[in-house]
Amino acid sequence: VVGLVKQVDLTERQIERWWRLRRAQDKPSTLEKFCEASWKCLYYTYSFTYGTIILWDKPWLWDVKSCWYGYPHHSIDNGIWWYFSVSMAFYFSLTVTQFFETRRKDFWQMFAHHIITLAMLVMSWLSNFHRLGTLILVIHDCADIFLESGKSLKYAKYHKICDYVVVTFLVTWVATRLVFYPRVVYGSIFEAEIEMFPLRNVCHILLVALLCLHVFWSYMIFQMAYSSVSAGQVDLTEREIERWWRLRRAQSIDNGVWWYYSVSIASYSSLAVTQFFETRRKDFWQMFAHHIIT
């Protein structure tokens, strides 16, 4: 900004005002963002409802270990076939349309999420391990319903209802992404048979990568929630969010520290869940308290 002041002979405040006006021209309208969030909310609602219906009478929805019982002799009915096909098509479209939608701070993390999820679906389909794939889809779609509906309500200025949806989203996110999903990952890595299919290790890497993304987003979500509660409001304006991000980025964290924190948080989150399925020790509750406090 200081360099531009000397070049164009304008004050610093005039340049900042021009930049705000220039950025406003590139930003999508509230209606466009509302339509984008509403469309995703509609899809996730359909996907979660359809997935729950076709998996309701399936044993692996209620018992994770059933995902690999009798493998690889697992039949695929029409409901699962369509569930997989539509889901893969949706995530493939997201990897493309994301470049034309509203640019967000976690753009590349979201892009990596779409690629990893799509790769995991393809791997599980090729390996006839669709039981695990359908289970992960149901777990993922549940929280996204409240995320996108909360955005839609905020854009429509229904702030009171939006507050309740945000709280529901936080509870659902913790239950699905930080409790149920780590349980599925643990079961696939440690409880399944060692030699099941050639792509098993690749699937495990993708599952753990998704877990790391969940931990990263959880960190962002809870920081935003804490900031909102501290400010006495849940719905921050776009300008306030941008100001918060500028202050947050000013607190530089190098990549080494970031990865150290992410992996450690993922490790202790998984330990808090998997401890219930491991050998029961005398200091069980003390160890559980240790994981939660850490």
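Cβ atoms here come from the backbone N, Cα and C positions, even for glycine.
Unlike curated records, TrEMBL annotations are generated automatically.
Annotated domain 'TLC' per TrEMBL: 32-230, in sequence order. If you take every residue in the domain 'TLC' (32-230) and average the pLDDT, you get 84.
Taken from TrEMBL, the feature transmembrane segment applies to 80-100 (among others). Counting residues 6+ beyond its ends, the transmembrane segment (80-100) has Cβ neighbours under 8 Å at 43, 47, 50-51, 54, 107, 110-111, 114-115, 117-118, 121-122, 125, 130, 133-134, 137 in the same chain.
Per TrEMBL, transmembrane segment is recorded for 107-126 (among others).
The transmembrane segment annotation in TrEMBL covers 164-181 (among others).
Summarising the annotation, TrEMBL assigns transmembrane segment to 202-222 (among others). Within the chain, the transmembrane segment (202-222) has long-range Cβ neighbours (under 8 A, six or more residues past its boundaries) at 106, 109, 112-113, 116-117, 119-120, 123-124, 127, 129, 132, 136, 170, 173-174, 177-178, 181-182, 184-185, 188-189, 262-263, 265-266, 269-270.
Positions annotated as transmembrane segment by TrEMBL: 258-277 (among others). Only residues 6 or more beyond the boundaries of the transmembrane segment (258-277), in the same chain, are considered here, and those with a CB under 8 A from a CB of the stretch are 178-179, 182-183, 185-187, 190-191, 208, 211-212, 215-216, 219, 284, 287-288, 291-292, 294.
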Within-chain partners of the transmembrane segment (107-126) [C-beta distance under 8 Å, separation at least 6 from its ends]: 84, 87-88, 91-92, 94-95, 98, 132-133, 136-137, 140, 199, 202-203, 206-207, 209-210, 213, 216-217
Intrachain residues whose Cβ lies under 8 Å of the transmembrane segment (164-181), provided they are six or more past its termini: 136, 139-140, 142-143, 146-147, 149-150, 153, 210-211, 214-215, 217-218, 221, 225, 234, 269, 273
